[in-house]
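Going by TrEMBL, these are the annotated features:
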- CYS75, HIS356, GLU398, ASP428: Mn(2+) binding site (BINDING)
- ARG114, GLU270, ARG271, LYS293, ARG324: phosphoenolpyruvate binding site (BINDING)
Amino acid sequence: MSVAPDPEVVAGLDAWRGLPVGQQPAWPDQAALAQVTDRLAALPPLVFAGEADALRAQLAAASRGEAFLLQGGDCAETFAEATADNIRNKIKTILQMAVVLTYGASLPVIKMGRMAGQYAKPRSSGTETRDGVTLPAFRGDIINGFDFTPEARTPDPQRLLEAYHTSASTLNLIRAFTTGGFASLLRVHEWNRGFTTNPAYKRYEEIAAEIDRAIRFMAACGADFDALRTVDFYSSHEGLLLDYERPLTRIDSRTGLPYDCSAHFVWIGERTRELTGAHIDYFSRVQNPIGVKLGPTSTGDDAIALIDKLNPTGEAGRLTFVTRMGAGKIRDHLPQLVEKVTADGRPVTWVCDPMHGNGITSANGYKTRRFSDVMDEVAGFFEVHRALGTVPGGLHIELTGDDVTEVLGGSEEIDDERLTERYETLVDPRLNHQQSLELAFQVVELLRAS
Ligand code: PEP
Ligand code: MN
C-alpha cells in the first residue's frame, strides 16, 4: 500500500531556492542545468528509505553508548579514482579498523564511508590565482575539473550525471564486497595480506588469529555464522550541492515522506550551517539521519537552535553533531556544547572529526596534519565526554586505503621530506592505511577507559 505525499511537504522541498545559499557554483547555462536535474530526477534512487531508517536506529544506539560510528573516506572522491582497487582498499581499511574496535571494545561498530557521493567541496575562496591568472576555485569533481585551465574550472552540469553514475558503480561494488563474501569475518586475515612488517599490521594479525580461534571454537559448538558473513556498510557525503540533492530526493511510498536518496547519511558542513540558510532548511525536510559539523566558534545556543530546526521532536538517531575543534581547543570548547545539549534533553549522537581543526602547512609547502594532533583531539573528545558522563558516539576520519604520505607522523614517522613521496589528495590530507589502523588501536584504549 502506498501513501500519497502531502502537497505542502513536496512544495517545501523547494523552499531553499528562496533562501541565502552558500558555496554553490555559478552555473553558466541554466537551461543545461535544468536538463540535467530533470534527468537525475528520473533516474533510480541510489539508496532506499528503509536503509536510512535502519541507520537512524543504529545511530540512536550510538547516542546511548550501545554502538560506535566509524565514518571514513577521502576528503574529496574523484571520478578517476573510483577504481575497483581504490574502492576495495578503502572498504578493507574501514573493515579492518572496525574489527579492531569491535574486538577491542566489545561494541558493535557502524561502518560508513565518506564514499559514493563525496564529490562537492566548500572552499574558503571562490577563486584561485596562480602567476597572476585568476580562475574559479576547484569545487570538486561534481562541479568542475582540478586542472588550472578556464575550460576545466568552468562549472559543468554534465558532471552531476557523472557523479550519479560514479556513485552508483561505487555503491554497486560496496554492496558486492560487503554481502558477497569479501567482508565475511571468516576471512579476517585476508584483509591484511600484503601488509606484514609494520607493528600495526602485526597487532592486527594477532587479533585476526584470536578471532579465528573464537570462530573455530564456536563452530565446534555448533554455532551458525550467518551474522558474520555480511556487513551493513552505509554511504555518506556532505550535502553541499543542492542542485544534486534535490532531484535525488524521493517520496517514500510507505510513509509519503521525503528521503534524500543520494546517500544514507548526509551532513551539513561547518561553512553552510547558518540557521536561516538554504542547507538547514533543505535537510530539515528530509527523513535521513543528518549530521552537522560544529567548529570551535559554535556555541551551546547554536547547537540548541540547530536541534530546534533539524530535530524539534527529539527523535534519537536523527541528528549527529560532528565536532571539529582542533586538538588545542577541544578540551575548552566542547564541554559548553555538550552541557547545553544535555540539559536540553533531546538526544544527539556526538561524533569527533579530529581532522578539520588540525590543518597546518609543512615547511616545504604541503597542506598537512600531524598524526599526534589527530590522536590528541580524539583523546580530548573522550576526556570531555567521560568528565561529563556523556557518550562519545563515533569518529569521522579522512583516510584512504593506500600508502600515501599526506599526514605527518605515525609509527612510520612521515616527515616533511617524505610528504613529497606520495602526496595525492586534491584537497585535504588523509591518513594512510597504516595510520588508520594505528588510530583504531589507540581508540580501543580510549573506548575501554570510557
Ligand atoms: C570536510 O569534511 O571535508 C569539510 C570541508 O569539513 P568542515 O565542513 O568541517 O570544514
Ligand atoms: Mn576535508
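Note that Cβ sites are derived from N, Cα and C of the backbone, with glycine treated the same way.
For the phosphoenolpyruvate site, whose annotated binding residues are ARG114, GLU270, ARG271, LYS293, ARG324, the maximal Cα to Cα separation is 18 Å. Using a 10 Å Cα-Cα cut-off from ARG324 (phosphoenolpyruvate binding site), the binding-site residues that qualify among CYS75, HIS356, GLU398, ASP428 are HIS356.
Ligand 2 lies under 6 Å from the Cβ of the following binding-site residues, listed in sequence order from CYS75, GLU270, ARG271, LYS293, ARG324: CYS75.
In sequence order, GLU270, LYS293, GLY295, ARG324, ASP428 constitute the residues six or more apart from HIS356 (Mn(2+) binding site) in its chain with CB-CB distances below 8 Å. Of all the binding-site residues listed here (ARG114, ARG271), the one with the fewest other CB atoms within 10 A of its own CB is ARG271. Proximity of the binding-site residues (CYS75, ARG114, LYS293, ARG324, GLU398) to ligand 1: a Cβ under 6 Å from the molecule is found for CYS75, LYS293, ARG324.
Residue density at LYS293 (phosphoenolpyruvate binding site): 22 other Cβ atoms are found within 10 A of its Cβ, drawing on all protein chains shown. Take the CB of ARG324 (phosphoenolpyruvate binding site) and look out to 10 A: across all protein chains shown you find 23 other CB atoms.
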